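S.K.: Okay, here's the structure, questions in a sec.
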Amino acid sequence: MGPILVLLVLLSLLEAGSANYDPCLDFDPENCTLTFAPDTSRICGVLIKCGWECRSVEITHNNKTWNNTLSTTWEPGVPQWYTVSVRGPDGSIRISNNTFIFSKMCDLAMFMSKQYSLWPPSKDNIVTFSIAYCLCACLLTALLCVCIHLLVTTRIKNANNKEKMP
């Protein structure tokens, strides 16, 4: 009885330790994703996402600070670096200054948008996108209805065939 009790106590201690595991210990502050989109003809929208598994991540860019996700803008003259800081369980802070080529990515996003006539938004674009969206939604709905119809008819056929077999 005694060894079993000791074993149970040890297992409960190990379980409590794994439940208190801090994902911020393994978090890499340089592993962030950046998304770019044209905001105006000169300003570029930037979305920086870092570590959803770690709540104590702070992202700072151009005097804006936010947890895990920061939506900001970039224009010529704004710094091309952002800071990611992670607070450890002991209170220590790891800081990483990440430099990124905002100017090149924003130029590329603007070029692609203008290349395919997606920027600047116009009444014609909005109408075209709305029509395309409605047509795709109708097509997907029709496809779903056909699939459900085929599923029901084949099940009924298979059920009738099984009943007729001796």
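Each Cβ is built from the backbone N, Cα and C atoms, and glycine gets one as well.
When I checked Swiss-Prot for this same protein, it listed these features:
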- Cys32-Cys50: disulfide bond (DISULFID)
- Cys44-Cys106: disulfide bond (DISULFID)
- Asn31: N-linked glycosylation site (CARBOHYD)
- Asn63: N-linked glycosylation site (CARBOHYD)
- Asn67: N-linked glycosylation site (CARBOHYD)
- Asn97: N-linked glycosylation site (CARBOHYD)
- 162-166: motif 'Di-lysine motif' (MOTIF)
- 1-19: signal peptide (SIGNAL)
- 20-131: topological domain 'Lumenal' (TOPO_DOM)
- 153-166: topological domain 'Cytoplasmic' (TOPO_DOM)
- 132-152: transmembrane segment (TRANSMEM)
S.K.: Under a three-state reduction of DSSP output, how is Asn63 (N-linked glycosylation site) classified: helix, strand, or coil?
M.R.: coil
S.K.: Have a look at the disulfide-bonded residues (Cys32, Cys44, Cys50, Cys106) and report the one with the fewest Cβ neighbours inside 10 Å.
M.R.: Cys32
S.K.: Within 10 Å of Cys50 (disulfide bond) by C-alpha distance: pick out those among the recorded positions Asn31, Cys44, Asn63, Asn97, Cys106, and say none if nothing qualifies.
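M.R.: Asn31, listed in sequence order.
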S.K.: Which one is it: of the recorded positions Asn31, Cys32, Cys44, Asn97, Cys106, whose Cα lies the shortest distance from the Cα of Asn67 (N-linked glycosylation site)?
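M.R.: Smallest Cα separation from Asn67 (N-linked glycosylation site) among Asn31, Cys32, Cys44, Asn97, Cys106: Cys32.
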S.K.: Select the most exposed residue of Asn63, Asn97, where exposure means the fewest other Cβ atoms within 10 Å, treating these as the glycosylation sites.
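M.R.: Each of the glycosylation sites Asn63, Asn97 was scored by Cβ atoms within 10 Å; lowest is Asn63.
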S.K.: About how far apart, in whole Å, are the alpha carbons (Cα) of Cys106 (disulfide bond) and Cys32 (disulfide bond)?
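M.R.: Distance between the two Cα atoms comes out at 17 Å.
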S.K.: Quick one: Cα separation, Asn63 (N-linked glycosylation site) versus Cys32 (disulfide bond), in Å?
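M.R.: About 19 Å separate the Cα atoms of these two residues.
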S.K.: Work out the three-state DSSP category of Cys32 (disulfide bond).
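M.R.: DSSP call for Cys32 (disulfide bond): strand.
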S.K.: If you average pLDDT over the motif 'Di-lysine motif' (162-166), what do you get?
M.R.: 63
